[in-house]
Amino acid sequence: MKLLTAVLLLLVAVSSKAQGSSSTVIPSTVPSPTGDTSQVTGASSDSTGSTGSSAAPGSTVTDGSNTGSTAPVPSTTPTPMKFSTFPVSNDVSVLDAKLILQQAVQLDQQINELNTFLINAQADTNPNNSPLFAQLTAFSNNITSQNATLQGYITKLNALTATQASINTRLDSATNTFVCFSQSSCVTDVPTTPEPTSPGSTPAVTECTNTTLTATLDTPQTHPQPSTQNAAQCVVSVKAYTSTNNVNITISASFTGNDAFVKLVETRTQESVTINGTVSNYTFSGFQQVDVYYYSGPRSTVQFNFDYVEVNNCKLNCTGDNGKCIVSQSGQQYCECKKCEFSGTNCETTLPDPCQSKQKRACGQNALSPYGVCYKNICSDQCFSCACSPGAKSPPDQSCPKPSPTDPTPVPPVAPTPPSVCPTTVAPTTTPALLTSTIAPTADVTSATNAAGSTGATGSSATGSTVTSDVASSSATGGSSTNATDTTQSSTDASTVSTSSTS
């Protein structure tokens, strides 16, 4: 390369010198008979004492005794130089500028999305203004309240134990008195007062098995629970198939006796309602999962059935089927585009075919005898994979080994059918509650407003029935919950029902 540059510089220098010189006739001297010389140029003759016309280049100049001479004209054209050619080549292909620009735009979008995610994550971990820390504070307050309630129960239990000991003492005294009378035959007449009616024997506890149900998006399903007496406390858990969606439960319940209840609990925030009277088509909504607890005492029965369905709360337009709307852990909604096919905030940009010339060359598709073929693979980080000819020695996913000259001609490869769904080994994550349940106020029904600002529909309830929110105050994403003024049962009372039912 350096030799070629030197030759070019020499050629330019020679050409410049040739153009800068004038095309003139070199002067020649013609001798005269007297011994003088006359200058002959291409323009005029200045010989003294002689006459004549100017001589043209190449003409013969004579006088009386001169036999004539010819002035030679030198050539002004330089002799061309001989050059040697050197072939220069390489195996570097020109990159596709359009593809580079598209990939740069995609990378910029991904960086912006990651930056937004980091900003939201930083906001979530701010102890001064963070919904997650607010929920943690609410949980701590709830635990403190429950601990105070438990201490009250312990005090009552100690008092009841002392009362029971006193009653046992009095019973022993009365038993001794009756034994004394019976042995001394002091009492001979039959008593005239009727004996009190016995409530009968206590039925055995009806055992049960906890059940887990999975809700389907926009497809209601039904779960019946027959009438059960003296039912041990059990739970029916209803989970959303997609962890970022809500679960809606519409329940109807009936009871006999005064020692039975059904309790609906949203597992993420522990917001709940307790039903201890007949209700019809009562709706409760929770994020990700709702647990339905039920119990009945020895002299009570409980019967209920409910419909459950999964509801999508993400409302972003992801350009039809180009992507799906997702709710992040920080509560942000975003579009998750189909990998290797679409990109953009709303998945509005169609990505080009990942198998360009570079990828085809890596797979061996452009070889004279192809030994591999490039195909789109959404399960690959680079969106493409190579299908190599049969017999290839341990080929990597994104290139095929070039066969040696001694190998037989490779069999033309065939691209497999690309996968539509990629397997994942990511462990499930726990997402904090974003859209919590709420209870709409009606007669004899406690109302609570959730943090997200939406309210759950409430069906009809029978006269005298009670549907009670067990959360007096809680903190969640974006606000706090408040109870209505017509609360029929406090959180402490509801806790009393749950505690007494399990004891």
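From the backbone N, Cα and C atoms, a Cβ is placed for every residue, glycine too.
Bear in mind that TrEMBL entries carry predicted annotations, made automatically and left uncurated.
Annotation source TrEMBL lists signal peptide at 1-20.
The region 'Disordered' annotation in TrEMBL covers 22-82 (among others).
The compositional bias 'Low complexity' feature in TrEMBL is assigned to 22-34 (among others).
What TrEMBL lists as compositional bias 'Low complexity' is 41-60 (among others).
Marked as compositional bias 'Low complexity' by TrEMBL: 67-80 (among others).
Mean predicted confidence for the domain 'EGF-like' (310-348): the pLDDT average there is 86. Under the heading domain 'EGF-like', TrEMBL lists 310-348.
Every protein chain shown contributes to the tally, and the Cβ of Cys335 (disulfide bond) ends up with 22 other Cβ atoms within 10 Å. If you look up TrEMBL, you'll see Cys318-Cys335 marked as disulfide bond.
According to TrEMBL, the region 'Disordered' annotation covers 397-426 (among others). When Cβ-Cβ distances below 8 Å are used as the criterion, the region 'Disordered' (397-426) is approached by residues 339, 359, 362-364, 367, 369-380, 382, 384-391 of the same chain, each at least six residues removed from its ends.
Each residue in the compositional bias 'Pro residues' (402-421) gets a DSSP state, and the totals come to 0 helix, 0 strand, 20 coil. The compositional bias 'Pro residues' feature in TrEMBL is assigned to 402-421.
The feature region 'Disordered' is assigned by TrEMBL to 449-503 (among others).
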For the domain 'EGF-like' (310-348), residues assigned helix / strand / coil by DSSP: 3 helix, 14 strand, 22 coil
